[in-house]
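Colleague: Here it is: the structure, laid out below.
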Amino acid sequence: MRIGTGIDVHQFAEGRKLIVGGVEIPHSKGLKGHSDADVLLHAISDALLGAAALGDIGKHFPDTSPQFKDIDSMILLQHVGKLIAEEGYAIGNIDSVLVMEKPKVAPHIMAMRGNIAACLDIDVSKVAVKATTTEKLGYVGREEGVAAHAICLIEERKQ
């Protein structure tokens, strides 16, 4: 049994879609990034890669590569899931938290969980997504950006 953690932060930017957990959320701003900047999927990807000692998201999908420009992070997460399986691991569970003031994401959490589970070919009961604010403190409180934290458990696949 192995545990991994992941953290990601993205700044808000004009003229971008806000995509979190593979869900497009109506908002006046999106997140700045080389890919679609899905902060939640990036944190989960890092947690999974870390648990398997496979490096981090930047190693596998460098932001200097045109191949990953504006790529859907669901594709990246699906690739991470395949890497985990190829290393002989199965995902036990994923727990994650979004840290953002606005917009409220509670109405979208079930869709996010479903997207993550489908992408990784695991049961949705193994995926938790929560959301919180910073009570108006710091860059999140000033609505300058969004953070996501994730932790996961992976286990050796039974032969």
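Note that Cβ sites are derived from N, Cα and C of the backbone, with glycine treated the same way.
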Colleague: Could you look at Arg113, Arg142 and say which one Swiss-Prot places alongside Asp8, Val9, His10, His34, Ser35, Asp56, Ile57, Gly58, Thr132, Thr133, Thr134, Glu135 in the 4-CDP-2-C-methyl-D-erythritol 2-phosphate site?
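Modeller: For the 4-CDP-2-C-methyl-D-erythritol 2-phosphate site that includes Asp8, Val9, His10, His34, Ser35, Asp56, Ile57, Gly58, Thr132, Thr133, Thr134, Glu135, Swiss-Prot also lists Arg142.
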Colleague: Measuring Cα to Cα, how many angstrom lie between Ser35 (4-CDP-2-C-methyl-D-erythritol 2-phosphate binding site) and Thr133 (site 'Transition state stabilizer')?
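Modeller: Cα-Cα distance, Ser35 (4-CDP-2-C-methyl-D-erythritol 2-phosphate binding site) to Thr133 (site 'Transition state stabilizer'): 24 Å.
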Colleague: Counting Cβ neighbours within 10 Å across all chains shown, tell me which of the recorded positions His10, His34, His42, Arg142 comes out on top.
Modeller: His42
Colleague: Determine which residues of the same chain, besides Asp8, His10, His42, have their CB within 8 A of the center of the CB atoms at the recorded divalent metal cation site, and list them by sequence.
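Modeller: The answer, listed by sequence position, is Val9, Leu31, Gly33, Ala37, Asp38, Val39, Leu40, Leu41, Ala43, Val146, Ala147, Ala148.
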Colleague: Please list residues from the chain of Thr132 (4-CDP-2-C-methyl-D-erythritol 2-phosphate binding site) whose Cβ is under 8 angstroms from its Cβ, counting only those at least six apart in sequence.
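Modeller: Once residues fewer than 6 apart are set aside, Thr132 (4-CDP-2-C-methyl-D-erythritol 2-phosphate binding site) is near Val97, Leu98, Val99.
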Colleague: Looking only at Ser35, Thr133, Thr134, which of these recorded positions has the biggest number of Cβ atoms within 10 Å around its Cβ?
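Modeller: Top count of Cβ atoms within 10 Å goes to Ser35.
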